[in-house]
Amino acid sequence: MSAAFRLSALAMSIALAACAVGPDFKRPDTATAARFARDAHPAAPQDAVPADASADADAAFWRGFGDPALTRLIDAALAANQDLQVAVSRYDASNALLSQASFDRYPTITANGQIGHRLASRDQAFGAPRSQRDTPTSSVGINAA
């Protein structure tokens, strides 16, 4: 074993031992308010929300905390909340930009070719017969960028 491994094992052992509760630990006594203590199951039918309850019924419950910063943050979040269709279109636009940017990752290879012939005029090749003035031409090009 390396010295670094031994040192880290020792440090972990010390850290885990520091988290242990001492032998004289006593659980603190906490009184449960009567309104929270019940004999019935926590998910009792009388606690069920009716099916016709509106989700907006308690839409501004956070105002009860009296925190202006919280109210300001939630109002800003609700104002910036976008429709699902707008979110999907933004997602599609981002994907299009990402795929466009990833095109630069791969090389672009192009190839071209031409075949033809060139017929020189009688003035350019004085006294040469037509068979000598008619020359085939060809070119091939490959580019990689």
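Glycine too: its Cβ is placed from the backbone N, Cα and C atoms.
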From the ranges 80-101, 124-145, pick the one that TrEMBL records as region 'Disordered'.
124-145
Surrounding residues of the signal peptide (1-17) on its own chain - C-beta under 8 Å, 6+ positions past either end:
none
Under DSSP, the compositional bias 'Polar residues' (134-145) has how many residues in helix, strand and coil?
0 helix, 11 strand, 1 coil
